[in-house]
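Q: What follows is a structure written as structure tokens; I'll ask about it next.
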């Protein structure tokens, strides 16, 4: 589980987060809501270890996550394996030659045995309906297809924590419906899911807890 | 003629190529063997002092070319024209000095090298070619760089095309290379490429990247690979015979 | 039957070339209008067959050799206009790359083998076989048509040779170009073609025609397929590999001697037009290489010739707009 204690973050002397104190529990689905510029994306980056708070502490399963700790490669690997992050712009996180390689990428890094890798890749290709796109280059696909590939690549690593930054951005109506249903189906797996979104309906449908942030970069409603 | 037509053509061709090759069956022979054969062929031709070897290779490649669809034939020929003409012109003094055969031999060798590579390029997907390099351990980084380059070419090509389109839509009058603010477009694309590079490295870190870059589809050695080794043997044998 | 350079005077060459220009123009127009675009690559395959046929030299007693041409075959399968163009391109390749047939004499060679031969052959075929296909009447028509076609062509060549000494002499009375008059050239050329070479042409035409009708229907303009099938490719491969058989017939064909050979053939002197005539050194003269066994050079030449012909016609078909989605080998 995730604990944030008095997190501050300044980006070149401009405040981005102010005194964020919160706990995320396993098995729940949290929706991070708030106006543009309130700091949602920054919070995500901190949670993923891509940025480090200027004040306060970030604890994952009781361990403090700091820049120094993440310089240790072994620790960083374990850390990142726990959190699956689906970026807002899927293009950024798709970099392999074809969809199969993309999904298998993380699994190779984790050092899993070949049959396990094969099993998981096939499972998620089926689950996300990526069969006809197997040999296509991921960054050449349409928006919805890219999102599905990104999801597959992240989920295949079976992370206990899943974070999705604006999962519906860039999708058409059918795509949005499909993703919403899919995320709903993930709720029963006991994962900790954190979604950042503007979409009221998505939040209503999926959230166990609504976390609202305001223009002052604080959490106003737990 | 729209200014960004050329850029669109290129990105369009890469997309079409991607769609076509997705349905294509993977090469039955290991791509590494095929790339290796092409390299060996060019090497042997360069060393060969006998025009016969070169002409034999050209004959075989012409036959392979004849079996391809006409669009591919045209692309190969387009790739061939400039190098051959350039070489012929450069070697022209040899004719005046009384060594016409030299000019012919060198031109033929250039023709052969370009032909072999162009035909290989048309018969293999770029993904198979980069995969061929991953055969040797330690080349993973090299293949990663190659693939990333292709990816950035496609994504940034698309991006700069959209920028160019935006400029054209906002301009009054005809847009040509001078007033299309190409320097601005290039600069913006460069900045975007930096952003993308950072974001890509973050994404890779999030997926626990530790230096490994492997292909899911592993080529299994089959009888076709063994048969293909015969090609290597034939090339070397012919080379030795024609010394 | 390839006439080399310097056997015909430049005037004769010019006249024959001029005669061919309208023929080519009409043929190109007819192909543009009537030939389905997808069939144009088949013209390349047909040209390849003709090219290969011309590599199989057949000897006759007396020491000279000849060969089949296959022009009638192409006319039957793809039409006489297609045959004209296909054979012309094959002859062009032979003249430029292999030195078989002269450059200046190109017009005359085309007139004989790309115009007279296929059109006569086709006319006779149509007369006998009518609209029949795949039955004996067609094969009989093909056989007789091809026989008459090649002999008509040989006669034309003989006449072109034979009138040279009459029309072009130097001050001493020696012939400038071909030194043999009609009384020698006609019997010399016709004996071979009326017998062995004509037979070769008949056999080639009928055999390939039967093969195409049964196993490779895409080579005919009367069918819709346009992808070249495996039987066709296999046949081409077999013929290419078999070309060294054509080397077994030693000796030069009548009228195809080099400038150094002609004095020994009986005329006693080397005509001036040949000594100081047009000289062209082809890339692969006589389909051979120095330093390698002849059969290797022969097969290699066959490969190059066939490949180039197929490539040329594929590109022509593509340029003409035959962009089919399923264009495969």
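Each residue's number is its place along the chain shown, starting with 1.
Cβ from N, Cα, C; glycine included.
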Q: Can you identify, from C:232-254, C:255-277, the stretch that TrEMBL calls transmembrane segment?
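A: The range carrying the transmembrane segment annotation in TrEMBL is C:232-254.
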Q: Taking residues 6+ outside the transmembrane segment (C:40-60), which of them lie with a CB under 8 Å of any CB in it?
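A: Distant contacts of the transmembrane segment (C:40-60): 2, 31, 66-71, 73-74, 77-78, 82-83, 85-87, 89-90, 93-94, 100, 191-192, 195-197, 200, 204, 208, 218-219, 221, 226, 228, 232, 236, 239-240, 242-243, 245-251, 253, 287, 298, 301-302, 305-306, 309-314, 316-317, 320, 322.
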Q: Considering only the recorded stretches C:7-28, C:72-97, C:146-168, C:188-212, C:295-316, state which has the highest number of Cβ pairs under 8 Å to the transmembrane segment (C:232-254).
A: C:295-316
Q: Count the residues of the domain 'PDGLE' (C:234-318) that DSSP assigns to helix (H, G, I), to strand (E, B) and to coil, and report the three numbers in that order.
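A: Taking the domain 'PDGLE' (C:234-318) as a whole: 50 helix, 0 strand, 35 coil.
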Q: Top stretch among C:7-28, C:72-97, C:103-125, C:188-212 for CB pairs under 8 A with the transmembrane segment (C:295-316)?
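A: Most contacts with the transmembrane segment (C:295-316): C:72-97.
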Q: Please work out which recorded stretch in C:72-97, C:146-168, C:188-212 has the most C-beta pairs separated by under 8 angstroms from the transmembrane segment (C:7-28)?
A: C:146-168
Q: Determine which residues of the chain contact the transmembrane segment (C:146-168) at the Cβ level, with the cut-off under 8 Å and only residues 6 or more beyond its ends counted.
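A: Residues 1, 3, 7-9, 11-12, 16, 68-69, 71-73, 108, 111-113, 116-122, 124-125, 175-186, 188-190, 192-194, 197-199, 201-202, 204-206, 255, 273.
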Q: With Cβ-Cβ distances below 8 Å as the criterion, list the same-chain residues six or more beyond the ends of the transmembrane segment (C:72-97) that contact it, or say none.
A: 2, 20, 23-24, 26-28, 30-31, 34-35, 39, 42-44, 46-51, 54, 103, 106, 109-110, 113-115, 117-119, 121-122, 125, 142, 145-146, 149-150, 201, 204-205, 208-209, 212, 219-221, 282-284, 304-305, 308-309, 312-313
